[in-house]
Each structure stands twice: as structure tokens, then as C-alpha cells.
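The following features are taken from Swiss-Prot:
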type     : residues : note
DOMAIN   : 166-344  : domain 'Galectin'
CARBOHYD : N79      : N-linked glycosylation site
CARBOHYD : N217     : N-linked glycosylation site
CARBOHYD : N568     : N-linked glycosylation site
CARBOHYD : N613     : N-linked glycosylation site
TOPO_DOM : 1-20     : topological domain 'Cytoplasmic'
TOPO_DOM : 38-619   : topological domain 'Lumenal'
TRANSMEM : 21-37    : transmembrane segment
Amino acid sequence: MKQFMSVVRFKFGFTSVRMRDWSVGVSIMVLTLIFIIRYEQSDHTHTVDDSSIEGESVHEPAKKPHFMTLEDLDYLFSNKSFFGEEEVSNGMLVWSRMRPFLERPDALPETAQGIEEATLAMKGLVLEINREKRAYSSGMVSKEIRRICPDFVTAFDKDLSGLSHVLLELPCGLIEDSSITLVGIPDEHSSSFQIQLVGSGLSGETRRPIILRYNVNFSKPSIVQNTWTEKLGWGNEERCQYHGSLKNHLVDELPLCNKQTGRIISEKSSNDDATMELSLSNANFPFLKGSPFTAALWFGLEGFHMTINGRHETSFAYREKLEPWLVSAVKVSGGLKILSVLATRLPIPDDHASLIIEEKLKAPSLSGTRIELLVGVFSTGNNFKRRMALRRSWMQYEAVRSGKVAVRFLIGLHTNEKVNLEMWRESKAYGDIQFMPFVDYYGLLSLKTVALCILGTKVIPAKYIMKTDDDAFVRIDELLSSLEERPSSALLYGLISFDSSPDREQGSKWFIPKEEWPLDSYPPWAHGPGYIISHDIAKFVVKGHRQRDLGLFKLEDVAMGIWIQQFNQTIKRVKYINDKRFHNSDCKSNYILVHYQTPRLILCLWEKLQKENQSICCE
């Protein structure tokens with residue numbers, strides 16, 4: 001996992017260079033960010049001698065009890081169709097089989113929250129669908145109904161003082177590449193102002209969480225960043241101090257605090273939100289009372305980044321359960337005159353209500369017999385653009401259009417009812433979405449992996465099952481050709497890690513405490529952006545979880561490795577086939593899979609394949 005983290009950081013090294021080249025004056029608009037991917041991997045495939053693997057003892061993850069209400073489960077798994085429409089009911093074929101895997105006493109820590117929020121989300125979605133149906137039947141379809149996820153929102157000329165004001169509403173949240181540009185003038189008579197990203201309400205909480213609080217204090221110049229939830233209160237403050245060295249930690253290859261401003265200090269806040277005093281060099285402080293500034297807050301893969309007048313000032317890593325897709329509003333308090341604020345690159349779907357959907361973009365019908373390959377694409381609610389890029393690119397391979405290969409998106413519900421309504425429209429239009437009966441959280445990805453195994457053994461039986469992500473490009477032709485040379489059973493195929501250890505650094509996205517995995521290393525596992533298992537392994541996973549012989553684990557790709565290790569020792573020797581043409585972090589010619597591709601790059605790769613018939617990278 002450490003190798004994976006270094007790869008992610010390397011990717012964003014180019015972003016930081018581009019950020020330093022920005023020239024942002026006092027104006028309303030700033031340049032949007034371009035994420036560029038560069039890595040290197042050589043092409044090599046080999047089959048591993050697994051005799052040593054077979055002899056290792058099986059270790060199961062530690063089991064912790066987490067409970068949810070039966071009422072929520074009963075609602076989510078009631079017999080009636082929520083939608084009453086065959087097209088969307090077909091998107092719940094896995095959903096209907098998931099209950100036994102959710103109500104186990106050793107469920108993943110976030111399962112209860114994910115199910116509670118899914119119940120609220122589903123109730124809201126049913127109301128939205130019924131409201132839209134009434135609007136269509138009465139002929140009163142407004143632009144608001146047709147376009148509920150705008151690609152940008154803006155506001156101008158607001159004089160804020162004292163109480164907190166909602167500056168912008170963000171109907172469908174934020175995603176990687178989104179940015180918020182604010183032009184303002186601090187009040188000469190005020191000692192501070194705050195910019196807050198407020199989230200959708202969490203289950204069981206009456207007050208909305210603060211996904212990010214950016215507190216600017218003039219009395220003793222400071223920039224303090226933090227989060228807040230009703231349940232946990234304020235988290236650990238992160239603030240700059242002029243004297244001392246920087247912490248050796250980066251977010252998207254950017255420092256937590258600009259070296260010219262100071263060093264970062266992390267301390268626990270008191271619940272009364274008292275700002276701790278610190279000393280900063282006034283000369284380097286990016287804000288000045290009475291002087292206008294342009295602030296660009298943008299969203300990377302790992303965290304938030306703030307640029308003031310063209311200079312990167314602070315970064316703040318996303319905290320668990322407080323992801324950017326939860327953000328629903330921008331609030332400002334304190335003394336600040338707002339000249340303009342603009343949120344751009346927001347998640348938007350295609351307007352399915354006004355466009356005639358091309359037949360070639362719809363999921364083709366299947367014969368009902370076992371297919372060669374099922375590809376499960378892990379996606380989240382507001383990643384509309386990514387899914388459309390896949391539908392218009394590698395999902396157009398003849399093997400997919402003919403039904404030899406099936407591709408399905410596995411998506412959990414969203415806490416935002418508008419995003420869920422757009423997903424409902426999307427599912428109805430394309431027929432390639434399988435909904436999950438929980439709200440998407442990183443800690444629940446392993447449940448999606450189990451769901452994919454159910455899909456590939458019970459719903460769309462397939463000889464091979466592949467897991468990939470919605471920012472990956474897959475060469476279906478090369479993959480099928482390679483699988484012809486592989487065994488049809490007891491197979492794990494992809495970019496395999498044979499010597500990795502748990503990340504013990506608290507705060508890391510991949511942090512695993514010793515009580516969850518006490519060993520110093522993991523069994524062999526294939527990197528999550530793309531791996532293939534045989535039908536018998538998928539069947540073993542489903543049966544093992546139904547009978548609760550297999551434990552759940554937070555990291556889905558490592559979890560699959562743990563389950564396969566048990567298959568290897570109890571059922572049949574596994575062939576671990578490592579193929580370095582599965583690029584989990586870069587693009588290199590002669591690839592089978594490349595990860596971290598934007599929608600633009602996905603379409604570019606497809607165009608190059610069509611024109612040149614070669615797997616050539618775009619950048």
C-alpha cells in the first residue's frame with residue numbers, strides 16, 4: 001500500500017508545478033486545474049510459483065460488532081419495487097440478494113451508517129420520482145427538474161458580517177477537479193473571517209457537518225483548518241506557525257503549509273472552537289485588511305488545496321466520512337466583502353430528459369447463458385462524466401456490444417436526493433447500473449466486491465469476473481486474448497503485490513491498526529484498479545460470506561487477497577499471474593489497463609486505438 005501511496009503523490013507532482021505557474025490577479029475568474037498523469041512501468045507477465053504461499057497459515061481480520069436497525073433493513077429489502085419500472089428494477093438485482101451480507105454481527109464499521117443514510121436517501125428518492133412523474137403527466141416540466149445538477153454556480157456582491165451566511169448552494173456536491181474561486185475584501189474593522197464547506201446531514205445528526213472550516217485570523221495572523229460533526233465535535237486543528245520546520249507530509253504532492261508562510265501544527269480543538277494563538281510573519285501572511293484577494297479552493301484526489309493570489313498556501317487531507325461529494329453549500333462568516341464567488345467543474349449528468357439516447361450506448365441484451373467476462377466498474381453517484389466516457393470508449397468494443405462481455409457499474413446511494421434522482425434517470429436510460437443498498441463510503445468498498453461476486457455467479461454468470469474503477473481504461477480485446485492463455489479456474493490475474501505490509505500511520509486512507517491485522521505483511525493481492533478472478537473463486541467468496549466463514553476487511557483489494565489465500569489452502573492451489581501491463585498509476589504503451597485517466601484522456605485513448613490501432617498514451 002505504501003508503494004501505491006507514493007504513486008499517487010508522484011501523479012500530483014505535476015499539479016503542484018502547474019499551480020506555481022498560475023498568474024491570478026484580483027479578478028473574478030481563475031484558471032481551472034489540469035491533472036496530468038506521468039509514470040513508468042515495464043511490460044512483463046509471469047506466473048508465480050505458489051507452493052510457498054500454500055503453506056502459510058490463514059489469518060482472518062479481527063471482527064468487531066456493528067449494529068443497524070431491522071426497520072431500515074426491512075424498508076430497503078421490502079418485496080415491492082421502489083420504482084415500479086422494469087428498467088430500474090433490473091438495476092436492483094444484486095441489491096435484492098445483499099441482506100444476508102449486511103446483517104452479520106461483524107459488519108464493517110461504517111455499515112450501520114451507510115444503511116441508515118441509504119434508507120433516508122431512498123425515501124427521498126421515491127418522493128422525488130413521484131414528484132417528477134406528476135410534473136411530466138401535467139406537462140409542467142421546468143428547467144429546474146430537467147437540470148438539477150448545474151455545471152457551475154455563482155454569486156456576486158455580498159457584504160457579510162457577524163452571522164454565518166450561505167454563499168452558494170451546491171446541489172450535487174463536489175468531485176475531483178471541482179474548484180471554488182472567491183474574490184473578496186476583508187473588513188478593516190474585523191479581526192477574522194471564515195469560509196466553510198457545509199455537508200449534507202449525516203444520519204442521526206440534526207446539524208450539518210462542516211467538511212472544511214478555513215479560519216483566517218488577523219489579531220495574530222493565522223490560517224486554521226478543521227472539520228466538525230455533531231457526534232465528534234471539532235477534529236484536530238491544522239495551522240501554520242512561522243518558526244520551525246515543516247512536517248514531512250504531503251497532500252497530492254503539495255505541502256500542508258506554504259514554506260514562506262510557516263509550518264503546520266496539528267492540535268485537538270476544544271468544542272468551544274477557541275482559536276489557538278500563534279505567530280506568523282505579517283510580511284508573508286496572504287491576507288491584508290482592506291485589500292482585495294482572490295482565493296481558489298480546489299479539490300484533488302487526496303485533499304483540499306487553497307491558492308491565494310496565485311500562490312499555494314495550504315492543503316488539507318480529506319477526513320474519513322467527510323468527503324467532497326458530501327458538500328452541499330459554501331458559507332462565509334465574519335468580516336468579509338464578497339465581490340464574486342464561482343464554483344466550477346461541478347458534477348453534471350447528461351440531460352437524459354431532453355436527449356435521444358444512442359442505442360449503442362445502452363447495455364446490450366444478454367443471452368442468459370454464461371458469458372466470457374463480467375466487468376464490474378466501481379463508481380460513485382456524482383461521477384456522471386466518468387461513466388459517460390467509458391460508455392463512449394472501451395464499452396464500445398465488439399465483444400461488449402455482442403454480449404460476450406458485460407459491463408456494469410456498481411454504485412451506492414448518495415446522501416443528496418438530487419444526485420440519486422439523476423442516477424435513477426441514468427439507470428433507466430442505459431440499463432448498466434447495479435445499485436447498492438448503502439451509501440458509498442470508502443470503508444464499504446469490500447461490500448461492493450462481494451456484490452460483484454454475486455453479480456458474476458448468480459445474476460450474470462461469467463467465466464471470469466473483473467473489478468475495475470471508473471477512471472480506468474481497459475483494452476477488452478487484449479484482455480480477452482490474454483485470458484485465452486490463462487487457466488479457467490483458481491485464477492487471480494492482474495498487477496499483484498507479493499510483499500506489502502499494513503500502513504500503520506494514523507490518518508492515512510489505508511491505515512490498518514494491529515487489532516484489525518496483527519501480522520506484519522499481507523498475503524498476495526492484486527491492485528484494485530483492475531484484476532480478474534475465475535468463477536470458482538467468486539463462488540467461494542459468496543458462499544464464504546453467506547456462511548460467515550470469511551471475514552470482512554476495509555481495503556477491498558487486500559480483502560480479496562485474504563479470501564483467495566483461504567481458497568488456496570482449503571479448495572485448490574491458486575495461480576497468481578502477475579502482469580505489469582496492468583498500470584495502476586500511469587500510462588505506458590502496450591497496456592492492458594491504465595488508471596487515473598480523466599474523461600478527456602479516456603476518450604483520447606479510445607480515439608488513438610481507433611485511428612492508429614495501437615495502445616499509445618495521450619500524455
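Quick reminder: no glycine exception, Cβ is built from N, Cα and C everywhere.
Taking CA atoms as the reference points, N568 (N-linked glycosylation site) and N217 (N-linked glycosylation site) are 59 Å apart. Rounded to a whole number, the distance between the Cα atoms of N613 (N-linked glycosylation site) and N217 (N-linked glycosylation site) is 58 Å. Every protein chain considered, the tally of other Cβ atoms within 10 Å of the Cβ of N613 (N-linked glycosylation site) stands at 8. Counting every protein chain shown, 22 other Cβ atoms lie within 10 Å of the Cβ of N217 (N-linked glycosylation site).
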